[in-house]
Amino acid sequence: MFKLIYYQFKYSKKQWLGMFPLFFASSLLVGMCLSVAFSTIKYQQVFRDVGSPTLLFVGPVLFGGFTLLFLVSGLIRLFLNLAKEDYRQWSINGGSRVQLSLLISGQLTIFAFLVSIIGSFCSIFCARFYYSYAQYLGGEKLLPTIPVDFSMSAFLLTILIICLLAFIGSFLYLYKILGNTVLLGDRFDSKNYFFIKLIKVLGFALSLVFWLKLIIPFFTVSVSKPNEKLLFRLDDSILLILVMHLFLLAFISPHIQTFLTKILLGWRSSYDFVMAKWIILKDREYLKSLTVSISIIAILISELMIYSDVAYSNLAKKTASVEINAVLLFFVVGPLIVVIANLISITVLSSVKEKEEKSQWERIGISHKQAVTIRSVQALTYAVIMLTCTVFFNIIFFVLMHKEALLLGIKQMNYGTIIYYPIAISIVMYLFIFITKIWFDIRNKTNL
C-alpha cells in the first residue's frame, strides 16, 4: 500500500500544488507559535513575576489546527473533482473504500510532510518577529524580552502536527464521501448514506442540546438578585457558546447556504440571477468551503469583541486594550492565517473548473459584459450568505452578553459590534471573489 501511495503521488504531484498555500501557512503558524512557546518555557525564570505566557502562544496552534482540520475536507473535495477520472479507475479495478481513502489521504500526508518541512524551516526566522509583535501588543511588562532560539522539538512537533491533521482530516472525510456518493464509480450505497445522515443528525441534535443547556441559565437568573456563583458559571459558559456556534454552523452547512441562495436569487428571472444561482448550487462544496471558512473568522472577531466590550468595561482603557489584544492573539490569529491560506488554495484548485466554465460560456454566446454581471451577482451572493449567517449568530451572542452585562450592572453596550466586522469582512470577501473570478475569466479567454 505504501508503494502504491508513493507511485500515485509521483504521478499526480502537480495536482496537489494547489494545497501548498494552506499547508505552508499552517506549518509556518504552528512552527512560530511552538518555537516561541518552547523559548518561554526555557526562559521561564524571566516571567516569574508576571506569569508564564506559554498558553498565549499555544492557543493559535489549537484554534488554527481545528480550523485546518475542518477546511481540509473542502479542499479534498475540490481536488477529487479535478482528479476523479484517475481514482474512478482504481474503484473500477476493485479498490475498497478504506483502500481509496488511504491512497488519497496518504498522498496528502506526503505532500503535507514535504511542505511542513519548508514551513517549519521558515518559521525559525519568523518566530522572533512574531514574539516582538506580541510584545508590542501586550507590552514589555507582560512579555519581557527573551531570546527566541531554534528548538528541534518545536521543528519536529510542527511537522508531526501538520501531518497528523492532514491524514486524520482527509481520511475521515474521504471514508465518509466515498461511501455515500457516486464520485468514483457508478455506485450508491443506500445503507452507508443513511448511516452517515443519521450520524450528522445525531451530531447536530447533541450539539443543539448542549448549546441550549449553556444558554438557558442566562434567562433563568434574576437581574435584581444576581447569584455570584451563577454569574461566574455564565462567564465560563460564554466562550463555550462561541465555540458551539462554529460547530452548529458546520453542521447546518451547506444546507443553510443552499437555502439562502435560492431565496436571494429566486426572486428574479433575469439571466444574471439565473446563471449565478445554478453556478453556485452546482458546486455546493465550494459554497460551503468558502462561506464557512470566512464566517468562522467573522464570528470569532465580532463575538470576541462583544465579549471584550463587557468583560473589560471596568478596566482602564490601556489595560483593556492589552487584554483585547491578548484575546485576539489567542483565538483569532491561528484561524485567520489558515483561512487566508485556504482562500488562496481554493482559488488555485478552482482555476481548472473556471476554465471549463468559461469555455461553456463562450459556446453559448455569453458576452464579456454579461460575464462580469454574472460574476458580480455570484460574488455578492457569497458575501451576503456569509453576512447573514454571521449576524444571526452574533445577535444570539449579543443578547446573552447583554443579559450578563445587566447582571454586572453595565447598562450600555455597543450594538454596532453585531454588524461592523461582518460588513467589513463581507465587502473584502465580495471584492476578492469578484476580482479573482474576473481575472481567471480574462486569463482563460486569452488561452482559449
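Using N, Cα and C of the backbone, Cβ positions are placed for all residues, glycine too.
The feature transmembrane segment is assigned by TrEMBL to 20-41, 61-80, 100-130, 150-174, 194-219, 239-265, 286-307, 327-349, 379-399, 419-440.
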Outside the transmembrane segment (327-349), at least 6 residues beyond either end, the same-chain residues with a Cβ under 8 Å of its Cβ set are 17-22, 24-26, 28-29, 33, 55-56, 59-68, 71, 74-75, 78-79, 82, 134, 137-138, 286, 289-290, 293-294, 296-297, 300-301, 304, 307-308, 432, 436
What stretch, picked from 100-130, 150-174, 239-265, 286-307, 379-399, has the most CB pairs under 8 A with the transmembrane segment (194-219)? 239-265
Could you pull out which residues elsewhere in the chain have a CB under 8 Å from any CB of the transmembrane segment (286-307), counting only those six or more residues past its ends? 67, 70-71, 73-75, 77-78, 238-239, 242, 245-246, 249-250, 253-254, 257-258, 261, 280, 324, 327-328, 331-332, 335-336, 339, 342-343, 346, 350, 382, 385-387, 389-390, 393-394, 397-398, 401, 413, 417-418, 420-422, 425-426, 429, 433
So if I exclude everything within five residues of the ends of the transmembrane segment (379-399), which remaining residues of that chain have a CB under 8 angstroms from its CBs? That is, six or more out. 215, 238, 241-242, 245, 248-249, 256-257, 260-261, 264-265, 276, 280, 287, 290-291, 294-295, 298-299, 302-303, 306-307, 413, 415, 417-419, 422-423, 425-427, 429-431, 433-434, 437
